[in-house]
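Annotated in TrEMBL:
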ACT_SITE  A:SER155  active site, nucleophile
ACT_SITE  A:ASP321  active site
ACT_SITE  A:HIS354  active site
BINDING   A:ARG225, A:ASP355  substrate binding site
DOMAIN    A:49-357  domain 'AB hydrolase-1'
SITE      A:ARG323  site 'Important for acyl-CoA specificity'
There are 2 protein chains.
Amino acid sequence: MAFPEDSVGLVRPQMLHFSEPLMLACGRSLSDYELVYETYGELNAARSNAVLICHALSGHHHAAGYHSGEDRKPGWWDSSIGPGKPIDTRKFFVVSLNNLGGCNGSTGPGSLNPATARPYGADFPVVTVEDWVHSQARLADALGIQQWAAVVGGSLGGMQALQWTISYPERVRHCLAIATAPKLSAQNIAFNEVARQAILSDPDFHGGHFQERGVIPKRGLMLARMVGHITYLSDDAMGEKFGRELKTDQLNYDFHSVEFQVEGYLRYQGEEFSGRFDANTYLLMTKALDYFDPAAAHGDDLARTLAAARADFCLMSFTTDWRFSPARSREIVDALIAAGKNVSYLEIDAPQGHDAFLMPIPRYLQGFRSYMNRIAL
Amino acid sequence: MAFPEDSVGLVRPQMLHFSEPLMLACGRSLSDYELVYETYGELNAARSNAVLICHALSGHHHAAGYHSGEDRKPGWWDSSIGPGKPIDTRKFFVVSLNNLGGCNGSTGPGSLNPATARPYGADFPVVTVEDWVHSQARLADALGIQQWAAVVGGSLGGMQALQWTISYPERVRHCLAIATAPKLSAQNIAFNEVARQAILSDPDFHGGHFQERGVIPKRGLMLARMVGHITYLSDDAMGEKFGRELKTDQLNYDFHSVEFQVEGYLRYQGEEFSGRFDANTYLLMTKALDYFDPAAAHGDDLARTLAAARADFCLMSFTTDWRFSPARSREIVDALIAAGKNVSYLEIDAPQGHDAFLMPIPRYLQGFRSYMNRIAL
């Protein structure tokens, strides 16, 4: 059980039950719910060193460290969280949760609906980035955290970080939004729609109540993940990784064989994902992405939307990210400058596409670390 | 029945039966087969004015004009073929066919397999761009055309135009390859693979023998088209066309409603396509794309591959095409220059993405027309 020295080591998920109903943007409410979360580092006496990690589409609370000595892989953002890492756990107390609607322990479609005593399935209410932020604020209350030193997230997680500065301006000192966008483009929505249709049209979806039938819409989930995965990697990264390398020496000239390595990779990614992720959660996450558009309530004026924010901002983007390109980050930077906020922006030259935000890219980690190190406690 | 003045007007598909077996790249052969085609304009006495049109993934023989006075829309490339248009039918005799493996009249998966007296279905052999070019050469023989004034195509059609100059260098005077690539990238293959998996995993696919069961893998075909369609449009074009416009005034917060117009558009495109296109043909077409890689037989040296070509070349690409970006056309241009060929290259500033090659974009049509007008007969 020897963990790397710069790892937070063994961690244990915790659970909190919330019994005050949560009103949701969709007009429905959750009468009560649970959130599963992990913490790394220690909350200081002034309670001024707490950092919230917001996860992206397929993420969860297990962001760093290991659940057991047998774990082959640490949490999903272990490259950025730990002693000496950008989010240095010697300095910060880090909180990472699984969002409502998730499939990793927090109340979601797989949970029992108290109204019916059956799993929610597709009856779980559609949750938005705003809803998540409200639920995260309650988690902060429960943990005795009045103000976050920083709220940090990439992709859909970055949207939550931004939303925090709008919904709870006085509760965030720094917002780090990485590889994100102020709202989806039509193309982003289109990819989400294909993923949803793949799931919805799978005969094993059963209107979202597959759980009761003991089946999983595996094919739909697999297709959804395959489409998603293509958008996470850059054309360059795929070319670098697979090129047109053949799986075998000879072409098979049929539909079933894996001819090119990229096909095998995608099928594997899809298969693996469909075995561990919930289809209803996938639908919910894509909807949260589609609906995120904080400026809509402010005449589409992003600067006006962010005017009340009191945080300082750090935006980061990656040159080959075509899901949320640097241009989308610059929209936010421009709005923040127009709103008179303090904003740092780092555009990282990286071939990995959108996935770069999860990777240990030296220039990225260095910029990330520099910003976090300067945060006053 | 008044057709536009610059239309070729009423046209009628014709059919030719070929009884000499065609050996295919996959090692199998077609003992006999039929090709459906259309012609526009008149073959001159010297037989020197014939132009071959090669279609793309979902194209067919009906490239220009109308089949009846009730047709709401003309052929798929009517903007480029007709009197006074880039491929001017007052000057040229135009031949446009449906490729082998197609679903619009030429022998394909829906045809009866003479060996079994049942529809081929998934037993139809995998056909390649090279196979198509050989079958097109036989069509040329049958029509008494020894040499094409030009072979013209966009996307997968452009690959056929290139292949003609390699397989039959003495039979092509000009090659116009538009919005194409010398081979697919890993990302291109990945998108094709998602489309194939959507079809293959549809329970109504029945291993490709759905026709005998009286069903259609509609869901799979719909998903395949939706994915494809996203790659045909640029992010800009989608944004321009749909932005984040809502379908109704209010959000529905469910999975089934069409919230954003782009969702409705994609679903419509998918539905419509799944009602008119054959799933096995779709698989075949994506495979033909994946396998196209003429330089593979020449040590990945494209200049060497094209060394024997005797045609002059015209390459055109569109700035926002991210399926086959201008960089992919420039690879071909560079190889042609290295091989000492005559090559014209036009990069057209157009927001429409890959689909631009089908559209009446003034600068594109003007460049296209200029090149065609200069062809000596």
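Using the three backbone atoms N, Cα and C, a Cβ is placed for every residue, glycine included.
Annotations in TrEMBL come from automatic prediction, not curation.
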Rounded inter-Cα distance in Å - A:ASP355 (substrate binding site), A:ASP321 (active site):
8
Given the recorded positions A:ARG225, A:ARG323, A:HIS354, which lie close to A:SER155 (active site, nucleophile), meaning Cα to Cα within 10 A?
A:ARG323, A:HIS354
Here the mean pLDDT of the domain 'AB hydrolase-1' (A:49-357) is 96
Rounded Cα-Cα span from A:HIS354 (active site) to A:ASP321 (active site), Å
4
In whole Å, note down how far the CA of A:HIS354 (active site) lies from the CA of A:ARG323 (site 'Important for acyl-CoA specificity').
6
Where A:HIS354 (active site) and A:ARG225 (substrate binding site) are concerned, what is their Cα separation in Å, rounded?
15
Listed recorded positions (A:ASP321, A:ARG323, A:HIS354), ranked by Cβ neighbours within 10 Å, top entry:
A:ASP321
For A:ASP355 (substrate binding site), the number of neighbouring Cβ atoms whose distance to its own Cβ is within 10 Å equals 21
Candidate with sparsest Cβ neighbourhood (10 Å radius) among A:SER155, A:ARG225, the listed recorded positions:
A:ARG225
Quick one: what's DSSP say for A:ARG323 (site 'Important for acyl-CoA specificity'), helix, strand or coil?
coil
